[in-house]
Every structure is written in C-alpha cells, then in structure tokens.
Amino acid sequence: MAKRTKKVGITGKYGVRYGSSLRRQVKKLEIQQHARYDCSFCGKKTVKRGAAGIWTCSCCKKTVAGGAYTVSTAAAATVRSTIRRLREMVEA
C-alpha cells in the first residue's frame with residue numbers, strides 16, 4: 001500500500017480543520033502516545049498506552065502510572081532524582 005501522507009502523518013484524519021499549527025502540536029503528541037516504549041521491568045519494547053496516564057507491558061503484564069502521552073515525564077524524572085538525593089543524604 002502506498003504512503004498517502006508525507007507531512008501531516010497521523011493528523012491527516014483532521015483534513016484542513018483546526019489550523020496547521022494546532023495539527024502540528026497534535027501530531028507530536030499522537031506520535032508519542034501511540035509509540036511503544038521500553039519496559040523498566042522486563043526490558044522489552046512492549047509498553048503501550050491503555051488510557052490517559054496508564055501504561056501496560058504486553059509481555060510481563062505490569063501496569064505503570066505515567067504521563068498522559070509518554071511513560072515518563074520531565075517532572076517525574078526530577079522527583080525521582082530528588083528522592084534519590086534525599087535518601088542518600090539520610091543514609092550518609
């Protein structure tokens with residue numbers, strides 16, 4: 001089957017509606033949310049989005065809470081590093 005879109009990709013379903021800049025933003029989000037991610041438990045690239053913020057590994061069947069469009073957010077990474085730093089300060 002021939003490739004039908006070059007620029008618009010997944011947002012071709014919206015046609016000419018909503019404006020190009022909004023469709024460009026939505027394209028970025030929809031590519032992220034439909035992508036497969038690496039599982040932090042089994043290491044395979046099998047994590048998919050089940051609902052907003054719910055990510056499930058189809059291999060090991062683990063369910064993880066994450067961001068709405070990606071498994072890990074920048075805020076979550078900051079919190080993890082802060083918790084790790086505070087834990088090291090308490091132990092030392």
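Cβ coordinates are placed from backbone N, Cα and C, and glycine is handled just like the others.
If you check Swiss-Prot, you get these features:
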MOD_RES   SER40  phosphoserine
ZN_FING   39-60  zinc finger
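Non-local contacts of SER40 (phosphoserine) by the CB criterion (under 8 A, 6+ apart in sequence, same chain) comprise VAL64. Averaged over the zinc finger (39-60), the predicted model has a pLDDT of 96. Secondary structure at SER40 (phosphoserine), as computed by DSSP, is coil.
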